[in-house]
Amino acid sequence: VQAPPHIQPSALPDGQRCSKKNMTAVALLSVLPPLRSTHSRLYLCRHGETESNAHSLLQGSGIDAPLNAKGREQAKELARQLSEVPLDLIVSSTLCRSHETASIVADAQVRTPPAECRRVAALAEMFYGVLEGRPVSECRQELDALNEAWAAGRTDLAVGGDGESPEALLTRAQAALWDRGLLGSRQAGRQVAVVAHSSLNKAVLTVATGQELGKMFGAVAQANCCINVLDFCVEDGAVDVVALNLVSSK
């Protein structure tokens with residue numbers, strides 16, 4: 001699956017982890033290019049850490065794990081980074097880890113009136129079928145074989161037998177994000193935060209940066225509570241990737 005015609009590949013490399021040697025995520029957000037008058041801006045984020053993440057378990061839409069203590073701290077830092085961004089809408093999936101992270105972001109907003117909050121089922125993580133909840137180390141051979149097949153163009157192959165394929169994942173993600181405008185609005189000037197999931201973000205960002213969908217698991221890194229910035233043109237639906245995988249060093 002290639003990028004749809006309206007997706008504009010980004011000239012940016014994959015994002016770097018922010019550190020004191022360069023800039024914090026907050027500082028990087030403050031120097032983003034200004035939002036053009038014909039565009040809206042999407043802050044596409046990943047949720048905070050869960051115990052499944054900490055123990056390297058396959059955690060798709062079939063596992064509804066809450067944030068752990070580290071994940072809640074990560075979510076608070078994400079909320080601090082976005083606190084002064086005048087968000088019009090904050091969106092999560094219906095999974096607990098996403099919704100909890102988004103709620104922490106919403107609570108830290110300084111704008112008045114507060115942003116609208118919404119849960120969208122189509123933004124849930126990839127479904128890993130019978131592999132859900134299993135240690136990644138135990139599934140390595142099967143996952144490696146799938147990655148090879150996907151990279152060779154077989155992105156219609158589902159993971160875990162009865163799980164989801166990259167094509168199915170991308171189709172529902174793009175429909176949720178871009179159909180009828182950014183999250184259903186063609187009003188320019190809106191700023192929207194979406195707290196989603198690693199594989200879903202990777203599918204969207206891999207295609208948005210002009211890469212082949214089948215390479216999504218090696219194309220773009222997505223740390224817990226990272227921020228990706230995408231600008232959406234309300235006139236023609238073009239999407240420009242502004243920043244990838246921004247993570248605070250804190």
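For all residues, glycine too, the Cβ spot is worked out from N, Cα and C.
What you see is a predicted model, and the numbers here were worked out from it, not measured in a lab.
Taken from TrEMBL as is:
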- His47: active site, tele-phosphohistidine intermediate (ACT_SITE)
- Glu125: active site, proton donor/acceptor (ACT_SITE)
- Arg46, His47, Gly48, Glu49, Thr50, Glu51, Ser52, Asn53, Arg97, Glu125, Met126, Phe127, Tyr128: substrate binding site (BINDING)
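Over all protein chains present, the Cβ of His47 (active site, tele-phosphohistidine intermediate) has 29 other Cβ atoms lying within 10 Å. Between Arg46 (substrate binding site) and the residue listed as 'active site, proton donor/acceptor', the C-alpha separation comes to 10 Å. Cβ-based neighbour count (10 Å, all protein chains) for Arg46 (substrate binding site) stands at 28. Sequence-distant contacts (6 or more apart, same chain, Cβ under 8 Å) of Ser52 (substrate binding site) comprise Leu58, Gln59, Ile63, Ala65, Gly133. Cα separation, Arg97 (substrate binding site) to the residue listed as 'active site, tele-phosphohistidine intermediate', rounded: 6 Å.
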